Structure formats: structure tokens, C-alpha cells
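Enquirer: Sharing a structure here in C-alpha cells format.
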Amino acid sequence: MKISNPMTGWKARHNNAVDHNGETRHIEKHEGYDDSPLPRLTWASFNMGVLVSMGGFIFGYDTGQISGFLGMTDFLDRFGQRHDDGTAYFSNVRAGLVVGLLSIGTLFGALIAAPIADRIGRKISIQFWCFIFSIGMVIQISSTHSWVQIMMGRWVAGLGVGALSLLVPMYQAETAPPHIRGALISAYQLMITFGIFLAAVFNYAAERHQAGKKASWMITMGLSFVVAAILGVGIIFFPDTPRYDYRRGKTEKAQHTMSHIYGVPENHWSVHHELDEIRIKLEAESQKGSSFHEWYSMFYAPKMFYRIVLGMLLQMFQQLTGANYFFYYGVTVFKGTGINNSFVTQMILNGINFGVTFYGLYIVEHYGRRKSLMAGSAWMFICFMIFASVGHFSLDRDTPTNTPKASKAMIIFACFFIFGFATTWGPMIWTICGELYPSRYRAKGMALSTASNWFWNFMLAFFTPFITGDIDFRYGYVFAACNIVAGIGIYFFVIEGQGRTLEEIDTMYLMGVKPWQSSKWEVPPLELMDEKTRRDIEATNPERSAQLTAPQNAHVSPSNGSHDASDKELESAPLH
């Protein structure tokens, strides 16, 4: 039985496509090509987005489960320390290492995944890192009483999680149609929240029915294999990215993959146009130097040092919003507020986190990046100010049951905070970092920004127990201040990318467009720019230089992949 695509009616009008200002513009005809409108969403792109984003689920599930493990009786008895009276506990150092070693592994995984993916392909890389993640889980689940084995197992698993955190957005960006690129990349964060939520549910069920037994934590941990298997096996049925296939000489396969994902015939103009851009980029990249030279030259390329620092700071501030304060230590935090079953509280928070992220996928393309992130920063600042003030001044921290209203208020504003994070800073930072860098340095720039995320993830995971032990809930004031600084940084430094092509965004950074004016700024054609700007663009996007000097008969034929069009079109093409 053939199932029709429910999204077929959701298409852009053929002669009235919408530009980034919400106005309509005419789409010219291209003789010899199919000019029918692109479907907004196809089953192929939807299935690809869901499956590949399972890499985010793996990270979220691992993050969510460790929060619950720290509060489980059997896990505490096996891997904790002992007071003089024999009761088990986790010291701040041990808790920080058990939680945080995953982030150290992810940092290394993110840095080494890109060159491996360039050598063996995105598809095989995803399978390989799923296998590495599974090895880490085997090391953990086979431990009986060694907390060091748990810690090192989390480090190995972190290698896989970190690599997937780079490969998932890369696979999505290299395969997804441009008009849904932002939403598909943001789906990575959606799957993170889904993983955290399911981990909380399984932790609650396991502790309730297997309390005091090793099954209470082994069941939840063992289910990680299922997720890794779904991604590792499921990716077999999907092609590698069209850009990787094209670079390996598989031009017909790349063309077929794009037409299938886009839901159009192989002679469609959009497929032809993108394949031609891939060809131009491949020709330009043949001019590159050694790998070391490329890393070295990246920091001296026009505006690249600025953007590398900006990307790393954005990922740092995503962690300093304070979200993982609840996700990593939620069970411990809410025990301090007198909640009888903190597992239930954590499950509620994670459910909200998952549910409202769907709204984040909408607003990233509807309201824009800048406005949403600044509004999110202000919202989270208010929530943390109230949460911290109630926790420090109103809550009876020695006997929380004496102040039930304060405890409820803290839970409510924790939920409000999660709403703000999950709709703005959670998904949108991954989108911005995917758009921030020019083609020549995109993989390297994303690797550094992702490594920044994992570094600060570890710092917070390790030092949070020490800080909360010294200043209790006043720790929230630190996160509140970070949110204000982050919002100000968005206003002054981040250019609006809603509706823009990657080339347009790159040009705006190179031309020094003021971020607060970027949403209404119009990008001039490349041939109308001054000589310095043209040189800067060609330095960071070498394919633009090749495009201006492309030889005759360089276009991809709609029928057989040969090159038959003149370079006149290329020379007059605007930068988008």
C-alpha cells in the first residue's frame, strides 16, 4: 500500500518564492530543466533527519541516566565511599569525575572525528563511533565495584558521543535541502532532550521496581545499546552524503541521492545547481595545502579568528546558561528542596524539556536567531534570579519540609527555565555554529566550537558539587549573570542568518555588517563588491574564485552528468 506524503501541499509557490524579508520574488525559468517547486518536506528527508539525529539521543540518554544513578541505592553502595558509620556517599571529587569524564571523551571525539570522516566517509564514521560508544557501555556495565572502571567507561563512551555531535550536524547540513537545513540541524537538540526524558522515565521505573538491586541501574544503562544499534544499523540503509560521494567521483550517485531527498526528478534545476556548486568547490579545494597548513592558515584568513572565537564562546555560553545544572544533578538538587520523590521531579523537567523543543524548531525559522536568543537569555535570567533567591533566602535547607511553598516555587521556576532553554539556546546554537563558517574551514571551525561545548560541559559537571557545597543555591546567580552577558553578546556580535544562504552569511561577516542591522541588509552581487571584499571572499570560499574563472562547458548536464553550459551564467551569478 502506498502511503501519500501528508506534506505535499506544503510547498513554495513556483513563481513566488519567499525571500528572507518575507517578500516574494520571481523565479526565472531554466530551459531544459525541471523548474517545478520543491516540496517543503519529503518522507526521505524526514526519515533521514529522524534517524541521523539519533546521535543526539545517545548523548541525551547518557546524560539523563547518570543524574539518576547518583541517587540509586545500589549504585551508591557499589561505587560510593563510606562514612565512619558505614553509610555510603559520593564525595564531590568522585561524583564530578564520574559525571564529567564523559565530557572529556566527547572533547577528544569531536576533534578527531572530522579528519576520520573525510577519509572513510560520513556514513561509515557514524557506524564506527556507534561501535566505540558501545565499547564504553560494555566497560561500564561489566563493572561490579570499581568506580574507576565506571569513570573510564564513560570516557570511552564519550569519544563516540563527541564524534557523533560533530557528524550528525555535518551529515544533516551536507544532505538536507537548504530551506529546512536549520530545522533539521536543530533536530539534533530535540533528540538530546528526548534521550534525557526517556532516561528519567527508565530511571524512575527501575528504581521503583528494582530498588537496592544492580538491575536498578544496569537496565537503564543496557538500553543504551538499543539506541546505538538503531543508528549504527539503520544508517546502512541510507546513502553517504552527496557531497562526499561527489568528491569520490560518484557523481551519478550524488545526483540520485539529492533528487531522492529533495523529492524531485534528477534533471531538476535545484539538483543541477547544487551539483555544480559542489563541482566548483571540489576544483577550488585542489588548490589547498597540507592539513597542517590549512589549520594554520585558518586563523589568519579574513575574519576567521573572530568567527572561531565567536563560535567557541557561543557554545561556552550554551553550557553557562545553567541547563545542565538541572540535567546532571537534578535528582540531588531537588532532594535538597524536600521533594519526596526527586526522580518524579526530574522526569517532569525532562518531559517539559523534550516537549517544548518542538516549538524551538518552529521559532528558529519563524522569528529568527537573534531575537529568539536574546529573549531566551532575558527569560532564563529572570528564572534563575527567582530560583536562587527563593533557594537561599526562603527555603529551609536543613529541613526543607518546613517551607513547602518555597520548594514548589523552585520547581515551578525550574520548569519555566527549561522552557526558555529548550526553545532558544538549546537548539539554536547548533544551527548558528553550522552557519557561521565558510566552506573551506567549516569542518575545522565546527570541530573547535563543539570541543568548546564539551570542555565547559566537563567544567560544570566536575565543579558544580564543590560550588553548590560552598554557596548553595546562590550558584544560580552565576548562571543568571552569564545569561545576561550571553544576550548582550548576541546583540553585538551575531549576524541574523534566517532565510540567508551560507554564502550570504559569510559575506556579511567579511563586509563587517553591523549585527543589529543584519536582518534587513541586502547582499550585493559579487561582481559589484570592492576589490578587497572580493579577495576576502575568495580566500575563505575558494570555490567563488574558481566560479569566476570557470572554463567553458563546465555545467553538469541534467541528463548524464557531463558539462555543457557556458561560463557566462557563472560570471553573472549573484552570491547566493
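Using the three backbone atoms N, Cα and C, a Cβ is placed for every residue, glycine included.
Heads up, TrEMBL stuff is auto-annotated, nobody curated it.
Checked TrEMBL, it gives:
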- 41-61: transmembrane segment (TRANSMEM)
- 48-498: domain 'Major facilitator superfamily (MFS) profile' (DOMAIN)
- 95-116: transmembrane segment (TRANSMEM)
- 128-148: transmembrane segment (TRANSMEM)
- 154-171: transmembrane segment (TRANSMEM)
- 183-205: transmembrane segment (TRANSMEM)
- 217-238: transmembrane segment (TRANSMEM)
- 305-327: transmembrane segment (TRANSMEM)
- 347-364: transmembrane segment (TRANSMEM)
- 376-395: transmembrane segment (TRANSMEM)
- 410-433: transmembrane segment (TRANSMEM)
- 445-463: transmembrane segment (TRANSMEM)
- 475-494: transmembrane segment (TRANSMEM)
- 532-576: region 'Disordered' (REGION)
- 542-563: compositional bias 'Polar residues' (COMPBIAS)
- 564-576: compositional bias 'Basic and acidic residues' (COMPBIAS)
Enquirer: Using a cut-off of under 8 Å between C-beta atoms, tell me which stretch among 154-171, 410-433, 475-494 contacts the transmembrane segment (347-364) the most.
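Expert: Top-ranked stretch among 154-171, 410-433, 475-494: 410-433.
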Enquirer: Do at least three CB pairs under 8 A connect the transmembrane segment (217-238) and the transmembrane segment (128-148), leaving out pairs fewer than 6 apart in sequence?
Expert: yes
Enquirer: Count, for each of 41-61, 154-171, 410-433, 445-463, 475-494, the Cβ pairs lying under 8 Å from the transmembrane segment (183-205), and report the range with the highest count.
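Expert: That would be 41-61.
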Enquirer: Using Cβ atoms only, state whether the transmembrane segment (154-171) and the transmembrane segment (475-494) have three or more pairs under 8 Å that are 6 or more apart in sequence.
Expert: no
